[in-house]
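Trainee: Below: one structure in structure tokens.
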Amino acid sequence: MTTRTSPAPAGLLRPSLHCLAFAVALGSAGAALAKDVTWEDIANDDKTTGDVLQYGMGTHAQRWSPLKQVNADNVFKLTPAWSYSFGDEKQRGQESQAIVSDGVIYVTASYSRLFALDAKTGKRLWTYNHRLPDDIRPCCDVVNRGAAIYGDKVFFGTLDASVVALNKNTGKVVWKKKFADHGAGYTMTGAPTIVKDGKTGKVLLIHGSSGDEFGVVGRLFARDPDTGEEIWMRPFVEGHMGRLNGKDSTVTGDVKAPSWPDDRNSPTGKVESWSHGGGAPWQSASFDAETNTIIVGAGNPGPWNTWARTAKGGNPHDYDSLYTSGQVGVDPSSGEVKWFYQHTPNDAWDFSGNNELVLFDYKAKDGKIVKATAHADRNGFFYVVDRSNGKLQNAFPFVDNITWASHIDLKTGRPVEREGQRPPLPEPGQKHGKAVEVSPPFLGGKNWNPMAYSQDTGLFYVPANHWKEDYWTEEVSYTKGSAYLGMGFRIKRMYDDHVGSLRAMDPVSGKVVWEHKEHLPLWAGVLATAGNLVFTGTGDGYFKAFDAKSGKELWKFQTGSGIVSPPITWEQDGEQYLGVTVGYGGAVPLWGGDMADLTRPVAQGGSFWVFKLPSWDNRTASR
């Protein structure tokens, strides 16, 4: 039984960080002929099958492919085409979604590494290994979730709070920008996003920051992809100042920040937590070109302790901790907030709001079509929000036994909380408050691992988990570089027969159409295809395929280590390929209490696997 009340020390997360940044070019003559990636290529990523150019497999992040050469009738013949090992002792969690461009796979790995591989053979073309300092502060393993590509460059973030642009053909550094102090806990784990501002016509590189568990102020950035120069920065704590073209622009929300308590004895006039209030947008953004809006999740407030963000003797419901634990619509021209919807006001449970925002056409019960976002939150509720204005359209639970709220009020958009679910402060003379049993726990009904949406079935395929936690308050004060939580916890089982639950959800009725249970937590993303298939990976190392309509398991392959990444698919030379990054790690083994014990037997790893139908059997591959 394991109890953790703070992130694992940085030194425990890495065998060695004395590595040189380098690029090894192998076969650069052929790579030099590769075409540049245009905005039109990226805008049509979800419709074209030869490349995968965006995190989410398109600007709408649906993770749906029109490919159907591999289908429910022949997937049982799916066979490994090749695998590539990331090598050396640097394993840990491998959460990367690969991208594919012009026959080259770009896949990031733990410890801020990036590999370019021949998509057909797995031959390494080049490697970039970022030099990391000893004092990085990753909360949840040394992961990286992917890269972006545009023009002749590939971009990714690093654990020392930097963004790097590499020549996509050679791996050589084009530019490198530091955006924050890694010693204070800032990192970058999410894949950047490429968007085109509909007003100015400029193509922008959008990225966020990580570090809410260390008391950072979350920030979203826009950069010139050619030079790396910052165009704007938007903080996600109310009352903090943004930047535009290198100068102060506007504060986020109300300059007086009424959603955070005042403190007349503080130099800022606000409580300590306001200066370290979190809200980090550490996942990748989606982009709605029709309304010219960047849509991204905002992280949990800092600290986790609700009473540190509530006036003494006050009610947490009077202090929402804006703009945290919600989804934000941002103007790409200026970085101004266009709209905000908060999933968990004054979030007391580290539910965050960073899970992906999937853009889709929502057909309401009255037949009206709404251009919407879909979001399965860590708090256990599934949200459908009008992406033109941030107004709630529908909300329902997607996991069992939610304790903290009974439902979401569709008129007010706010949760209806249950009494006693905000853990109380310690009694006088006590270090810890009374523990409360909460579900979902802070790791969520679903965490960062992205769901998929099928344009054929109209269903969302959600990689959920059933678990709970004992949760209690502790004393908290800010120290640079130290965990800023004010809470203790122990995660526990909910059911004896499973933790993971892959669920097909109807976004209109809120009903579970089918469910597949897994013994271990699900931490991999999901892919849906026109072949009536759904793919995901499991904690015990299986890459699996399911019938999208019935949920029947049709195929599986043991990769040798747990899978905690989103799969992809593409077409090359008339053949459909599927790829997935393999290597167990991430937050569960570090923070997961009883769940960490459950997953301890899983071997670590670091590799990329590619599958296809046997070439000799493409014409006859059917039952």
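Including glycine, each Cβ sits where the backbone N, Cα and C put it.
When I checked Swiss-Prot for this same protein, it listed these features:
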type	residues	note
BINDING	ASP45, THR48, ASP51	Ca(2+) 1 binding site
BINDING	GLU95, ARG145, THR189, HIS207, GLY208, SER209, ARG378, TRP523, ALA587	pyrroloquinoline quinone binding site
DISULFID	CYS139-CYS140	disulfide bond
REGION	244-281	region 'Disordered'
REGION	413-434	region 'Disordered'
Trainee: Taking every protein chain in this structure into account, which of the binding-site residues THR48, THR189 has the most other Cβ atoms within 10 Å of its Cβ?
Mentor: THR189
Trainee: Say you check the Cα of GLU95 (pyrroloquinoline quinone binding site) against those of the recorded positions THR48, CYS139, CYS140; which is nearest?
Mentor: CYS140
Trainee: How long is the line from the C-alpha of CYS140 (disulfide bond) to the C-alpha of GLY208 (pyrroloquinoline quinone binding site), rounded to the nearest angstrom?
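Mentor: Here the two Cα atoms lie 16 Å apart.
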Trainee: Would you list, in sequence order, the residues of this chain other than ASP45, THR48, ASP51 that have their CB within 8 A of the centroid of the site's CB atoms, where the site is the one recorded for Ca(2+) 1?
Mentor: ASP41, ILE42, ASN44, ASP46, LYS47, THR49, GLY50, VAL52, LEU53, GLY58
Trainee: Treating G and I as helix alongside H, and B as strand alongside E, what does DSSP give for the region 'Disordered' (244-281) in helix, strand and coil?
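Mentor: Counting residues per DSSP class in the region 'Disordered' (244-281), I get 5 helix, 9 strand, 24 coil.
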Trainee: How far is it from THR189 (pyrroloquinoline quinone binding site) to CYS139 (disulfide bond), counting Cα to Cα, in Å?
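Mentor: Between the alpha carbons of THR189 (pyrroloquinoline quinone binding site) and CYS139 (disulfide bond) there are 10 Å.
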Trainee: Given a 10 Å Cβ-Cβ cut-off, pick out the one of the binding-site residues ASP45, ASP51, GLU95 that has the most other Cβ atoms nearby.
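Mentor: Most Cβ neighbours within 10 Å: GLU95.
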Trainee: Going by C-alpha distance, which of the recorded positions CYS139, GLY208, ARG378 is nearest to ASP45 (Ca(2+) 1 binding site)?
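Mentor: Nearest candidate: GLY208.
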Trainee: Considering only the recorded positions CYS139, GLY208, ARG378, ALA587, which residue has the minimal Cα-Cα separation from THR48 (Ca(2+) 1 binding site)?
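Mentor: Smallest Cα separation from THR48 (Ca(2+) 1 binding site) among CYS139, GLY208, ARG378, ALA587: GLY208.
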Trainee: Find the one among the recorded positions CYS139, GLY208, ARG378, ALA587 whose C-alpha lies closest to that of ASP51 (Ca(2+) 1 binding site).
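Mentor: Nearest by Cα distance to ASP51 (Ca(2+) 1 binding site): GLY208.
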Trainee: Distance between GLY208 (pyrroloquinoline quinone binding site) and CYS139 (disulfide bond) at the Cα atoms, whole Å?
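Mentor: With distance taken Cα to Cα, CYS139 (disulfide bond) is 16 Å from GLY208 (pyrroloquinoline quinone binding site).
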Trainee: Where DSSP helix means H, G or I and strand means E or B, what are the helix, strand and coil counts for the region 'Disordered' (413-434)?
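Mentor: Going by DSSP assignments, the region 'Disordered' (413-434) contains 0 helix, 4 strand, 18 coil.
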